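Enquirer: Could you have a look at this structure, given as structure tokens, before my questions?
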């Protein structure tokens, strides 16, 4: 089993499509967080609270029942949900203190950590083409990342917050990989989202944020795109691919978020940004062919 860490466990086109679609949907989350007029933590709460009932509804249609969930799985879900909540708190605050592309890039340092996790668990290095994919992806990520500290040191605090979000998101993903071994995907996400929402609401109240938005469309879109569609597709794909493939796919998000920031807020993209995005996408094509 460990030797499969660097290989797709079930190379189905539908699962790969879900992996890509999920990352695309999540990538536009920072844009909607900025448009929302509730506090950043409160916006995260609404993202979860509005999506979770529909997650449970869909999970029920797929045969998920809470009564069948094992106690050990509940514990894993609890850990996953708490870290997911902390991830959203750090990320949503950081989004307002750095560029959209940087926020998503640092928050997805999980990609590097998942690759390292794969090496440690498998106790063997990935193959030649997989190493090439990893190198291309992280050179691309470095090009995207380099624009932050070099051109705008004021973004540093926001980058650190988003880096912290990435660390907690890694733990969330690892826990959800365990949960998905014996739990239906929509049900797993619904349970984790419930726990995370219970973390976010008290945090928003404690921070003194505006809880109710005056304009609802950003949080409604955020709930549908980032949570229901994005996390839903990603959670479905988790058991079908190795940590390496999941990690590389996460790097789609900063490339797309940087483009969204360019169109919406005039956050200029340089030739290095475009080159970095192209390298990340090339890496995904290579690793998929393997």
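Think of each number as a place in line: the chain as shown, counted from 1.
Every residue, even glycine, has its Cβ placed from backbone N, Cα and C.
Residues or ranges marked as domain 'EamA' in TrEMBL: 16-145, 158-287. For 12-33, 45-62, 74-93, 105-122, 129-149, 155-174, 186-208, 214-237, 244-265, 271-287, the entry in TrEMBL reads transmembrane segment.
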Enquirer: What counts of helix, strand and coil residues does DSSP assign across the domain 'EamA' (158-287)?
Expert: 107 helix, 0 strand, 23 coil
Enquirer: Excluding the flanking five residues on each side, which residues at least 6 beyond the ends of the transmembrane segment (214-237) place their CB within less than 8 Å of a CB in that stretch?
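Expert: Those are 15-16, 18-19, 21-26, 28-29, 32-33, 35-38, 43, 46-51, 54-55, 58, 176, 180, 185-186, 188-189, 193, 246, in sequence order.
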Enquirer: Helix, strand, coil: count each for the residues of the domain 'EamA' (16-145), based on DSSP.
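Expert: Once the DSSP states are binned, the domain 'EamA' (16-145) shows 108 helix, 0 strand, 22 coil.
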Enquirer: For the transmembrane segment (155-174), give me same-chain residues lying six or more residues beyond its boundaries with a C-beta closer than 8 angstroms to one of its C-beta atoms, as numbers and ranges.
Expert: 79-80, 83-84, 86-91, 93-99, 102-110, 113-114, 117, 148-149, 192, 238, 246
Enquirer: What is the pLDDT of the domain 'EamA' (16-145) when averaged and given as a whole number?
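Expert: Averaging the confidence scores along the domain 'EamA' (16-145) gives 85.
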